[in-house]
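These features come from Swiss-Prot:
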ACT_SITE  78  active site
ACT_SITE  141  active site
ACT_SITE  165  active site
């Protein structure tokens with residue numbers, strides 16, 4: 001089994017991105033699966049162009065995209081990506097689409113094809129906080145998740161794909177009072193065991209409570 005893991009470069013006012021720093025430290029084999037990582041630009045459309053090129057080159061069985069969600073307290077596998085860009089800030093090339101469909105011929109939304117609840121359980125068993133997220137936002141993270149699942153729908157039907165947000169690294173919150181952070185070591189370990197779950201749960205997810213009341 002081959003798994004492609006992606007990590008965004010820094011964006012906004014941040015000098016580092018924990019997603020990229022973490023994926024760089026992943027071992028080349030996890031739970032018997034071959035793992036490769038690729039850096040993704042935090043740029044609408046260019047991000048998915050880089051992803052598709054790497055999919056064509058590597059031919060992975062699964063794609064796990066990783067992104068920073070500053071303020072979140074744990075690792076959060078995303079349930080769904082929506083067909084809408086609505087950028088609060090410009091991307092790294094100054095693009096700021098507002099209320100713009102990502103793909104005219106795509107679905108209104110795509111659900112992750114990764115075992116998100118098994119991933120959450122695996123992370124929590126390591127003593128790390130994790131929960132299913134029901135919104136990937138409307139910035140480049142949601143854009144890339146949507147594009148990955150669009151590619152599954154239109155071009156790579158045997159591939160699985162999904163997205164997981166991670167918190168800030170501790171050094172990013174030194175001057176951000178009351179903002180959660182996590183050590184890079186713990187972030188890497190959380191991603192590793194999430195990948196273990198992706199390998200173990202190829203056909204169906206665990207049936208565990210992961211919903212919200214609001």
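Note that Cβ sites are derived from N, Cα and C of the backbone, with glycine treated the same way.
A Cα-Cα distance of 10 Å separates residue 141 (active site) from residue 78 (active site). A 10 Å cutoff on Cβ-Cβ distances gives residue 165 (active site) a total of 23 other Cβ atoms nearby, all chains included.
In this structure the alpha carbons, written CA, of residue 78 (active site) and residue 165 (active site) are 7 Å apart. Take the CB of residue 78 (active site) and look out to 10 A: across all protein chains shown you find 25 other CB atoms.
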